[in-house]
Amino acid sequence: MSDRVRVHVWIRGRVQGVGFRAHTEAMALHAGVQGWVRNLRDGRVEAVFEGSPAAVEAMLRWCQQGSPGSVVEAIEQRSEPPEGLPTFEIRPTV
């Protein structure tokens, strides 16, 4: 699993109510990235991307642009040890 990386991100801006989670899921499935995405009650979106370094980097670049109608103001990210997640999913808001 050493060829995998995991990045935990928090995205701030106009990222809720604009299809950000659904677009993130579609992009992750296309890129072959595992993990999850969810809305936070404070208005941010939280996500975990796990996969090859190139695929995770592609997801991070996509997050900077976001979905149509979104306005990304800032992204906080933290590297974490990969957990071997099996798929990508949209999780409930917390």
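We count from 1, first residue shown onward.
Cβ coordinates come from backbone N, Cα and C, glycine included.
According to Swiss-Prot, the features are:
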ACT_SITE  Arg21  active site
ACT_SITE  Asn39  active site
DOMAIN    6-92  domain 'Acylphosphatase-like'
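All chains included, 21 other C-beta atoms sit within 10 angstroms of the C-beta of Arg21 (active site). Of the recorded residues, Asn39 (active site) and Arg21 (active site) place their C-alpha atoms 8 Å from one another.
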